[in-house]
Amino acid sequence: MSLIGRLNLGRRFCTAVPRRSEDIMSNPDCRPSDLCLRVSYLIRCVGDLDTAAKYARLAVFTSIKSESTTTICQSIIGGMLRDKRLKDAYDLYEFFFNQHNLRPNSHCWNYIIESGFQQGLVNDALHFHHRCINSGQVHDYPSDDSFRILTKGLVHSGRLDQAEAFLRGRTVNRTTYPDHVAYNNLIRGFLDLGNFKKANLVLGEFKRLFLIALSETKDDLHHSNYENRVAFLMATFMEYWFKQGKQVEAMECYNRCVLSNRLLVCAETGNALLKVLLKYGEKKNAWALYHELLDKNGTGKGCLDSDTIKIMVDECFDMGWFSEAMETYKKARPKNDYLSDKYIITRFCENRMLSEAESVFVDSLADDFGYIDVNTYKTMIDAYVKAGRIHDAIKTSNKMIDATLKEVSHLF
């Protein structure tokens, strides 16, 4: 039996598990919010999953089972699965939810199902999904993310009919909006098989269901989202036409859904369009769209996110436009609070542009509100060593130790 097949959804008594927090570590602090911060720090900033797992196990002994308690479980299970440590992830799932009867959230179940698909265990993943529904433990399962994972996994496995049935079953309620990413998975699956007619029917079904839900709910926010969601799907049709060598048809899709409508593109849709335009040589249109997103960001008329900026900076690096990469980054950086300097520092180091990386790194150190994680320090240390600047490598290493000790003293 596979690991995922062994997971239970019911409580199971086992004597070989810790019964007190002191069985895990001495003098434990089991306050949920503080424990959550520690686990998150160990996963994201240090990358020490083993120590994070040790602290995460204390979650079962928190006096108040809050949202933070569930987030701890979600974070460590997700971290283990991203690191391909499947047995450790499943052992933690068993420990939290079966041996100690904590209540999972939809993210925990989604992680397990996604890992099943990634291993090719389609039937096991589907069986686990159905058991999750039947258990009734989580009120918001299946979520939008659940359907995205299910449709992607089923399409990848060649089970397009099953994926379509999942989506059809979800939208029986007239007030339920169809999810554009899940529908895009199905559309892409049919287009990859060359079945344009069926893909077009799925697009039409998405539009029909969206408009029905809109008429029932009278939701102004979703009304403004409708054209963006359709444009997101049209990016997949654009790529289909480009692959066929039919540039005119591809750009007709773009003109029809964006230019002729003067669509104020959201970040998610913009990113999908930018990737296709750049991939198939429509660079002038891509840069025009990017500058429109940049100009309208923060005005309430349009937006970009950190991925938008990375797409265009990556394009500069791919073309060998290094000064333009820095200029693009610097212009966009003040308009996005979530873009980490780690990204541009890493890209400069990858391209042996140590002086440029050092410039951004020094600015980050001087920023009182900035935060540099351990991996960014390590990137700079490696770059200094490769350049033969051992003194700078040692100095940066000492700064990393000081910053880490300061952070640890606050958290632990």
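FYI, residue positions are counted from 1 along the chain as it appears here.
Every residue gets a Cβ built from N, Cα and C, even glycine.
Annotation source Swiss-Prot lists repeat 'PPR 1' at 69-104. Positions annotated as repeat 'PPR 2' by Swiss-Prot: 105-139. What Swiss-Prot records for 143-178 is repeat 'PPR 3'. Positions annotated as repeat 'PPR 4' by Swiss-Prot: 179-213. Feature annotation from Swiss-Prot assigns repeat 'PPR 5' to 230-264. Under the heading repeat 'PPR 6', Swiss-Prot lists 266-296. The repeat 'PPR 7' feature in Swiss-Prot is assigned to 305-339. As annotated by Swiss-Prot, repeat 'PPR 8' applies to 344-371. Look at Swiss-Prot and you will find 373-407 tagged as repeat 'PPR 9'. Per Swiss-Prot, transit peptide is recorded for 1-18.
Long-range contacts of the repeat 'PPR 5' (230-264) within the same chain, counting only residues at least 6 positions beyond its ends with a Cβ under 8 Å from a Cβ of the stretch, are 180, 183-184, 187-188, 191, 196, 199, 203, 206-207, 272-273, 275-277, 279-280, 282, 285, 289, 296, 301-302. Among residues of the same chain six or more beyond the repeat 'PPR 9' (373-407), those with a C-beta under 8 A of the stretch's C-beta atoms are 41, 44-47, 341-342, 345-346, 349, 354, 357-358, 361, 364-365. With a cut-off of 8 Å between Cβ atoms, the residues of this chain six or more beyond the repeat 'PPR 8' (344-371) that come close are 313-314, 317, 322, 325-326, 329, 379-380, 382-384, 387, 399. Long-range Cβ contacts of the repeat 'PPR 7' (305-339) within its own chain (Cβ-Cβ under 8 Å, at least 6 residues beyond either end) map to 267-268, 270-271, 274-275, 278, 283, 286-287, 290, 293-294, 297-298, 347, 351, 353, 356.
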